[in-house]
Amino acid sequence: MKKWSYAKLMTSALLLVFLSIILLAFHGGSRGDNHLYDHVAIGTKDILMGRKLKDLKPKTESLKMINPKKKNGFEYSDQVSSDLSRQEVFVDMMARDYQGPKPRSKPLKNN
């Protein structure tokens with residue numbers, strides 16, 4: 001085999017490996033959805049049961065309803081419904097416990 005053909009073969013092989021790595025790296029990030037997840041705080045009983053909320057009725061008007069056709073509050077993923085939105089709602093544990101900024105106590109003066 002000539003030197004120039006060996007160099008072309010090695011370059012082509014390395015380019016193929018590089019492109020394969022790039023394609024595999026970006027393949028895992030796309031799951032066919034729009035990657036917009038709504039973070040909602042729910043009770044610890046539901047978290048311990050491992051349930052994911054599928055549909056949630058907002059408590060304030062500033063929140064956008066995920067599924068406006070739903071009449072009762074919310075429905076879990078293990079309950080069957082024909083009008084469920086396919087967008088999953090993930091639990092945000094910190095939102096449930098957050099009560100605003102905590103006041104800082106004044107530093108003690110050592111005289």
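Just so you know, glycine gets a Cβ as well, placed from its N, Cα and C.
Taken from Swiss-Prot, the feature sulfotyrosine applies to TYR98, supported by similarity to another entry. Feature annotation from Swiss-Prot assigns hydroxyproline to PRO107; the stated evidence is similarity to another entry. Summarising the annotation, Swiss-Prot assigns signal peptide to 1-32.
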Cβ neighbour count (within 10 Å, all chains shown) around the residue listed as 'hydroxyproline': 6
PRO107 (hydroxyproline) - helix vs strand vs coil (DSSP): coil
